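Database features, via TrEMBL:
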type	residues	note
BINDING	Arg85, Asp134, Tyr135, His136, Pro137, Leu138, Ser139, Lys140, Thr141, Ser196, Lys197	ATP binding site
DOMAIN	295-432	domain 'Pan3 C-terminal knob'
COILED	304-342	coiled coil
REGION	343-449	region 'Knob domain'
Amino acid sequence: MQMIRQALSVLMQRSSNIKMLTLDPFNPSEALQQVMPNSTLPPLDNYFSLVPLDTSHRKSSSVFGYTTWVYKATSSKNGRTYCLRRLEGFRLTNEHAIRSVKEWRRLNNGNVVSIHDAFTTRAFGDSSLFFVQDYHPLSKTLAELHFPHAGTAHASRFAAKTPIAEGVLWGYVSQIANALKAIHALNLAARCLDMSKIIVTDKNRIRLGACSILDVVHFETRRPIQDLQQEDLIHFGKLILSLAINTLPNQLTNLQASQLKGPIEQMGRTYSKEITDTVLWLLTPAPPGATPKGIEEFVRGIAVHMVATLDASLHEADTLKSELFRELENGRLVRLMAKLGAVNERQEFDGDRAWSENGERYMLKLFRDYVFHQVDANGNPVVDMGHIIRCLNRLDAGSDDRICLTSRDEQTSFVVSYKELKKQLGNAFGELLKGGKQPAGRGFQGPSH
């Protein structure tokens, strides 16, 4: 067991180094495809290529009562990448405990990381409990974002001095309220609103990342769901207060009504009375005998700010849509270049009149030169990206514009429209796909599968 822990520690250090040296912080695709060479992490029944995501060496069991590890892994069932959260040393004593995760599969909310499965394994040399969740590349936790030096010897020295903008704080409040509203509507409770388990996946976009875990861990000591939902509201208020006054939640212990005055006054010196009163409402339980507070009531009270958060989300969606259109344009051009590359100069078709220097495919070869291989009067290469993109766009559109294509020896010229070239390219590529032409054995032999 000790040897396994030492090996994991080495792997975490290696993962940390790989992350720092090779990952582009703005390229989720690179993070999605990252693997760890020579990894000694064991494969699981339905998951392989495990890569540690939590590179912190300071492991704490304060949240769940067990040391936890987080990995990225690929499913052997569907090829998708998932996030696996492991609870080390957990012994399942009741099969019904792990089945409670099924209730969480019904939850579909943009501010909660979706849970897909839970299982136990001894692949790591102990009895471990795994939770399978959606993987969000390059995400950070709220703790990493706002308390980057927490848990280090220099935590107090490097504590953030600039308070979080009130608009950002309202955004957090609105999103967590949205998550809790969906959770409570299914007669569930989040139970874990620790900032180390809430991830930031985009600009100010947060998701609760550890729901359902405590339902399994504390299955034998279940409590009334109404009590747990009331605790959600208190933990919610404590989280926002911690962010507002730049104080770690573990330093805000025993926040009873008589002890709230100091922290609330500290928050009020930086933030508006409205958000301060909102936090105070969350932290103050309903008096005995009164109707318990509910998330529905809370959402109605902050409706104005939830609308503002929705508006910001719509603007973000517009930006992403604009970027998507640009990528769609790029995709069309890539497909055209792939077709031209596949059709031009097929060695296996030497001697075939349709593919010869005098056939119609010859115009595609000349078009390739016209687009990519232009030279100046002195024979030097001319690389004009505007010309390349303009020509490919016209080819994609099948424009009636005509161009003059000239052979390299300047002995042959064709005047042809983009519309005709597009048709010829489609016909030629279609023949390749159909396999209507059998290779003569001189072409490149691709790898066998």
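Placement of Cβ uses the backbone N, Cα and C atoms for every residue, glycine included.
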If I restrict to non-local contacts, at least six residues apart, and a C-beta distance under 8 angstroms, what lies near Arg85 (ATP binding site) in its own chain?
Thr68, Trp69, Val70, Phe130, Phe131, Gln133, Ala210, Ile213
Return the count of C-beta atoms lying within 10 angstroms of the C-beta of Lys197 (ATP binding site), excluding that atom itself.
21
Near the coiled coil (304-342), which residues from the same chain, at least 6 beyond its ends, have a CB less than 8 A from one of its CBs?
167, 170-171, 173-175, 177-178, 202-204, 364, 367-368, 389, 392-393, 395-396, 425, 429, 432
In the three-state scheme derived from DSSP, which category covers Pro137 (ATP binding site)?
coil
Among the binding-site residues Ser139, Thr141, which residue has the fewest other Cβ atoms within 10 Å of its own Cβ?
Thr141
Below 8 Å Cβ to Cβ and six or more residues apart, same chain only. Which residues does that give for Tyr135 (ATP binding site)?
Leu32, Lys72, Thr81, Tyr82, Cys83
